[in-house]
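Chemist: Below you'll find the structure I mean.
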Amino acid sequence: MSVSTPIVVVGAGIIGLDVALVLARQGLGRSVTIVAEYLPGDTAVEYTSPWAGCNFSAISGRDANALKWDRACYSHLTKLASENPKESFVVRTPSTEFWDEDVPHDKIKAMSEYLEDFVILPKEELPEGVSFGVSFTTVTINAPKHLQYLQKMLKEQYGVQFVRQKIPNLQSVFEANPAAKIVFNCIGNAARTMPGVQDYKCYPTRGQVILVRAPHVRRNIMRHGKDYETYVIPRPESNGNVILGGYMQKGNGDGATYSHENQSILERTTELSTELRSAEPEILASFAGLRPSREGGARVEREEISIGGGEKRVVVHNYGAGGTGYQAGYGMALEAVQSVEDLLQAIGKSQNGRAKL
Amino acid sequence: MSFLGGAECSTGANPLSQFTKHVSDDKSLQRDRLVGRGPGGLQEGMRSQAMGGGSDGMMNEFMQQPTQLPQPHGPASPFAMEHMRRELERAQHSGSPGWAAEFDPGMEAPAAMGPGMQEQRPQGFSPAEFAKYSAMNPTARSASPVVSSPPSMMAYQRPMMGMGMGGMGMGMGMGMSYSPMMHSPGYQNQTPVHQQDKGKGRMVELDDKDWEEQFAQLEQGDVEAAAKAADALDDEANAAIEAELNDMDRSVDFGDFESVWRGIQAETETARQLAAEDNFLDSMHAGDMDQWEGFDGLNTHTSHDPQMGDYLFEQNNLFNDITNPFDEGMKIMNEGGNLSLAALAFEAAVQKDPNHIAAWVKLGEAQAQNEKETPAIRALEQALKIDPSNLEALMSLAVSYTNEGYESTAYRTLERWVATKYPSLVKEPLSSPAEMGFTDRHLLHEKVTSLFIAAAQLSPSGAQMDPDVQVGLGVLFYGIEEYDKAVDCFGAALASHESGTTNSEQQIHLLWNRLGATLANSGRSEEAIDAYSHALATRPNFVRARYNLGVSCINIGCFSEAAQHLLGALAMHRVVEKEGKERAREVVGDGVSERDLENMIHQNQSTNLYDTLRRVFGQMGRRDLADQVGPYMDVERFRGEFEF
């Protein structure tokens, strides 16, 4: 099927959807088509976004980009939480975060400047083995529902089109769709193998989580250990479900779930969360997700490529967010869109700049 | 037949050939009042460039509290204009790669160049001038309309200008809209003056070197050691898990299949409720989805006819209980009342009597003027189903098709029009709605144009030609982007003393708008603005003209004025929606949520208005405002910052 819009976003995970949202808010919704193998509502191990917890935390990187994107995205998410929590499935939640060691002080300081209700916990309140702790107001997100919310809003309010299609290589997007001038490459893990990208800095970071029913759990809590990540994330608008996790297994692309890992998760999370301990959670299911990680951090970069016949087109790469897609996605999208601001001017004019007889 | 110098618009003479004469008074002050005042304009341009710097620009403005846009003050100065024009010119050609121009064929054109670039363009005209010209020697005619004369605005009064255009400032437009300066691609080798980007260009990848630099800056010494050990962590972690494995009891039961399903069902229970609402909403919008089929964002279609579907009526129409909604609607239209209200009246009329062709026609026209093209097309097509020879519907539909980029369909519709009104002229059978290639479309255009010219030549002298034929010709020229000729034609229709439909008192504002749109799309923004103000003078509620005015303001860089006009147009939509909502609430009761109620009211949206407004706010650097734009926006909240 041929797409007739000048802008194509490849990938319908949180990254691609956030890009489309930024474009739509600029008035370019009708010039955007999202083309993807999987769409919101689908589940597949190759489609990472539905499997996220998820929440906003200090799990992201310490580099300048991560800090910048996090900050922008926190602003975006808290706004959603204020204006439309029920429909967007983004909700303010009290959060506690612990570090056993290796405390990223500079990053925490940077985050303290914008996190609501930020407080450094006194030493006496820290559990054994924890060397540093903070509490603040985070946002928790019901990942699969948030994706569907975005899709619906993009379609209905902004005129963004969605097409289900598996892309064999990056070049083909332009070849099959002559009207396309800019392609946003938001393919996550596929960036490693997709011809035309083949970014070998990309690797999956496997996580496993358990979905439980535990309506008494209201607080988001995370513990960064020497060789583990443990977290309890209450899931918004889910009838009291909670996500328990987890793992950060770099380079592991296994989509299976393992009972021994579930056991470990249960033990670590009940130790971590007093709320969870207070009543037996009802265990519902176990999921594995593959975070689309990348050495050096996510790639947000404009590239000019040649398609046949001396023609040039523009690709904006926007992948490799690892476990930070939801908490940095909007910030990354802003940057990705900014990188082609000049071209968008022309597109905006041709879409919106005509007088009507 | 050759198409030179506007001969086709009249029998022997083009009444507008004399428009090359211009009123010789100095227009520079008027121009400046229009587009910027004093040194304030200059300073804003420079300040905004500094603020919008580099790849952080968007991020920063997104996160920071936007400062109030400074209002310009002081006397008009032509020099601020000159500077702005040069800035525009420079920015236009600086950063983008050459081939980027192909993205917008108009990019090289004077469209965004601001006033004063149109020195070589033919001048505007007033009705008085038309009358004067049409009485002059009909054979005097210039072959080419290009004249070397100083730029001038139209001579007549502009009562709307003061009201609508007061307090113009250049806003953030200067800096934000031309970020080619900030993002020079590598092979351009430009270093723009106001660059705030810290030299990191577009590559945002961090390599190992950067990581180490980061760590070197951290206070804690042990962090660095720990960071370097980070890579070794996972190997250890995996080893630790293996150890755990061996000790563990593996007989943990995670519940049977049933309980898993129960849990997931419980979680999705609320989702299902929402899904039920979703279906309701989907059916509401299903019709709109049709318009996206085959819709080209660049506004050029394949040559098949549009599949617009059936007209979608507003729910809970206040006019349903009125005895004669058609008369009500006509009253509202003729008094220049609110077009949304008029549309509702006509909807009620056709729901009462689905064969009431006049009501369908008026419904279509009301919606088009209300900047809601798709409902307009649906209504007009319905009218033609009942009476395929309705001239008014045919002409209006041809215009709407042209706007939406369905050129072949527009030409075929015009062919039907001329065949209906001047059947003696038509020797060949009418064109069929088969799929048309580019060449076929070209031939079709020539065929129909010849017919119209033949119709024009039926009148012995220029002054007595059918103004409706003139308008049809104008639309035809507009379709192939022969804007100067189209301007001639619309102008001739405006000047005509003959009584056609298109230049009747009830419809002349449409003609002014058509003229304006033609001027605007050929880059003559100031003249376009004048034409629109004529339309709005008699019909302040003419939403489309107001929308067009907004677009022209954008084109000359007056973003906050553009916002004012667009918000004004939306406010007019809202008036009716508010009343309708209150009424709907009475009917529907409390069982329905606010959102659902709003959806019921927003049946036929004008996405165009929203998207253009978003673009304007983006140009002004006000993403906070852009984010608020949408079907659920509270237009009133903008009144503090914008006058409308």
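Here the Cβ of each residue, glycine as well, is placed from N, Cα and C on the backbone.
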Chemist: With A:H224, A:Y231, A:R291 listed by TrEMBL as D-dopa-binding, which of these, A:G188, A:G323, A:G325, is given for the same site?
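Modeler: When TrEMBL describes the D-dopa site, the candidate it includes is A:G323.
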Chemist: With an 8 Å cut-off on Cβ distance to the A:H224, A:Y231, A:R291, A:G323 Cβ center, who else from the chain surrounds the D-dopa site?
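Modeler: So the additional residues around the site are A:S57, A:I59, A:G207, A:M222, A:E229, A:G245, A:G246, A:M248.
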Chemist: Roughly how many angstrom lie between the C-alpha atoms of A:H224 (D-dopa binding site) and A:T48 (FAD binding site)?
Modeler: 22
Chemist: On the 0 to 100 pLDDT scale, where does the domain 'FAD dependent oxidoreductase' (A:7-336) sit on average?
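Modeler: A mean pLDDT of 95 is what the predicted model shows over the domain 'FAD dependent oxidoreductase' (A:7-336).
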Chemist: Closest of the binding-site residues to A:T48 (FAD binding site), Cα to Cα, picking from A:Y231, A:R291, A:G323?
Modeler: A:R291
Chemist: Under 8 Å Cβ to Cβ from A:S49 (FAD binding site), same chain, six or more residues apart: give me those in sequence order, or none if nothing qualifies.
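Modeler: Listed in sequence order: A:G13, A:I14, A:I15, A:A143, A:P144, A:L147, A:G325, A:Y326.
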